[in-house]
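Feature annotations, courtesy of Swiss-Prot:
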type: TOPO_DOM; residues: 23-213; note: topological domain 'Extracellular'
type: REGION; residues: 24-43; note: region 'Disordered'
type: TOPO_DOM; residues: 235-685; note: topological domain 'Cytoplasmic'
type: MOD_RES; residues: 257; note: phosphoserine
type: REGION; residues: 344-442; note: region 'SOAR/CAD'
type: REGION; residues: 475-483; note: region 'Contributes to fast Ca(2+)-dependent inactivation of CRAC channels'
type: REGION; residues: 490-542; note: region 'Disordered'
type: MOD_RES; residues: 512; note: phosphoserine
type: MOD_RES; residues: 519; note: phosphoserine
type: MOD_RES; residues: 521; note: phosphoserine
type: MOD_RES; residues: 523; note: phosphoserine
type: MOD_RES; residues: 567; note: phosphoserine
type: MOD_RES; residues: 575; note: phosphoserine
type: REGION; residues: 596-685; note: region 'Disordered'
type: MOD_RES; residues: 602; note: phosphoserine
type: MOD_RES; residues: 608; note: phosphoserine
type: MOD_RES; residues: 618; note: phosphoserine
type: MOD_RES; residues: 628; note: phosphoserine
type: MOD_RES; residues: 668; note: phosphoserine
type: COMPBIAS; residues: 670-685; note: compositional bias 'Basic residues'
type: REGION; residues: 672-685; note: region 'Required for generation of inwardly rectifying CRAC currents'
């Protein structure tokens with residue numbers, strides 16, 4: 001028990017002794033620190049009075065100088081009294097966390113590479129922040145430091161720009177007790193912002209805030225406007241491209257219609273060639289029929305001359321009379337349907353020349369239209385190639401090439417439509433002119449032949465332009481209208497010849513079979529009337545009057561004696577009305593003669609009341625005044641004396657005209673003759 005008490009007392013005494021020693025040691029340290037603090041304060045005050053003597057008595061300025069001195073001490077790592085470039089760069093990177101301190105470094109040093117405490121204090125006094133008012137400091141606190149909750153505290157303390165260095169150093173009394181900042185992050189943030197402001201001046205954000213806001217707003221407006229403009233231009237470009245594609249499709253359709261028209265022209269050309277071949281065959285067939293008619297007429301003539309039976313001759317004469325009458329009826333009908341005005345041959349050549357000149361002008365217009373079409377196609381292909389590039393759509397939308405190509409397409413389309421319409425109108429117009437004039441105009445020997453035929457100076461016509469081979473048309477469109485089937489070539493061959501040719505050519509085979517005796521003169525009258533059609537209107541008028549007077553006064557006998565049928569037909573005029581009147585008179589006389597023969601079929605030749613009783617109608621009659629019933633040669637007729645002296649001469653002239661009528665019908669180069677089939681081969685009994 002005693003031992004334990006003693007141990008406890010020894011321990012308590014040791015503790016008290018150790019505590020006393022520690023208290024004495026701390027007291028001695030406090031005295032030493034107080035003495036050193038007093039010494040540092042005295043040295044700081046002396047240095048401040050040396051640097052800035054007018055402000056060395058101001059307590060606030062002393063605190064600010066001490067804060068600047070502490071900042072300089074933080075930056076001076078080697079404690080040599082100067083801050084060099086390396087030390088400032090290290091301080092900016094490590095303490096202020098500047099990754100690119102080039103601007104701040106140049107602002108801090110300037111031209112002086114070593115910064116002392118005096119240099120740092122003078123720089124601080126020259127700074128704009130040193131002269132800040134309380135409001136400016138509060139504005140800096142709100143906008144730059146972003147601590148608006150301490151605004152009231154700053155206003156109560158009336159902190160100006162002079163107190164900024166005290167905020168830049170670590171001072172627990174200032175930040176904790178005076179400013180009442182309990183949040184450590186707020187104290188650190190305020191210290192860093194104040195240190196940056198003291199060393200490098202006021203922040204740029206504070207000085208140029210409005211300018212930057214204005215520039216930001218302007219940039220946003222420009223960006224939005226640019227996006228909107230790009231959107232509008234893109235939409236306009238798409239719409240324009242759609243419109244251009246529609247125009248291209250319309251142009252392709254017009255081109256296709258022109259190709260279709262070209263194909264139709266080719267088909268019409270083939271039909272035209274087929275019709276020409278058929279026309280040649282038909283002409284050959286008609287010539288064969290004419291030869292057959294001539295042979296039949298010769299056969300009838302031989303039968304009439306070889307028989308001695310009057311009834312047989314009368315029968316053949318009646319058959320011949322019926323055929324002639326039928327031919328006259330056909331000629332009369334054709335004369336009624338075609339009794340119109342006949343254009344002169346010179347008009348045909350002039351119209352053909354006019355057509356060729358119009359074709360030249362049409363070819364020039366067509367070539368221009370096709371050239372515009374090629375240019376528009378090339379422009380469209382270029383735009384398509386540009387659209388495939390990276391900025392092609394934007395470039396096309398902002399350039400004028402799209403409008404130019406669109407204009408070229410519309411121009412080419414309009415020109416192509418005009419050429420197509422002009423082609424159709426020209427073909428229709430020349431077809432109507434051919435129908436009205438009755439001859440071919442589109443199919444002609446060519447402009448050079450026409451110029452030579454009309455005796456025109458070639459210099460008036462100019463030089464014809466060659467047809468280019470690189471155009472769209474596969475064939476020569478210069479002769480489009482010539483490839484169209486002429487309306488005259490599609491008609492019947494009988495309609496292509498004039499009325500004068502219809503009345504003339506079918507009589508090639510009637511040459512010598514019309515020389516009958518007085519008993520056969522009634523039947524041969526109608527046949528001989530169609531031997532010739534010559535342009536002799538005065539003779540035709542007299543012949544028609546003689547025929548009418550003879551028929552009305554003394555029957556058909558005086559008609560035969562007074563007017564020979566060959567001379568009557570020879571005097572047919574060109575006038576359709578007068579020719580029609582003559583044919584009607586001849587039909588009346590033929591009908592009357594035929595009725596008289598039917599009333600007296602059994603009367604012998606010597607006692608016929610229609611003939612002169614003093615003349616014989618036998619082929620063996622010895623009377624020299626009796627006309628030959630055979631009439632097979634003009635020499636035999638010229639050697640005999642007839643009762644009517646001029647009758648034989650006119651008949652001889654008719655035979656001569658009949659021999660050369662084939663050559664006369666082919667003398668006109670502009671017209672082709674198609675004779676009528678007026679004889680039918682009678683059945684042999």
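The backbone N, Cα and C atoms fix where each Cβ goes, glycine too.
Of all Cβ atoms in the shown protein chains, 13 besides its own fall within 10 Å of the Cβ of residue 257 (phosphoserine).
Secondary structure of the region 'SOAR/CAD' (344-442) per DSSP, as helix, strand and coil residue counts: 87 helix, 0 strand, 12 coil.
DSSP classifies residue 257 (phosphoserine) as helix under the three-state reduction.
Per-residue confidence over the region 'Contributes to fast Ca(2+)-dependent inactivation of CRAC channels' (475-483) averages out at a pLDDT of 41.
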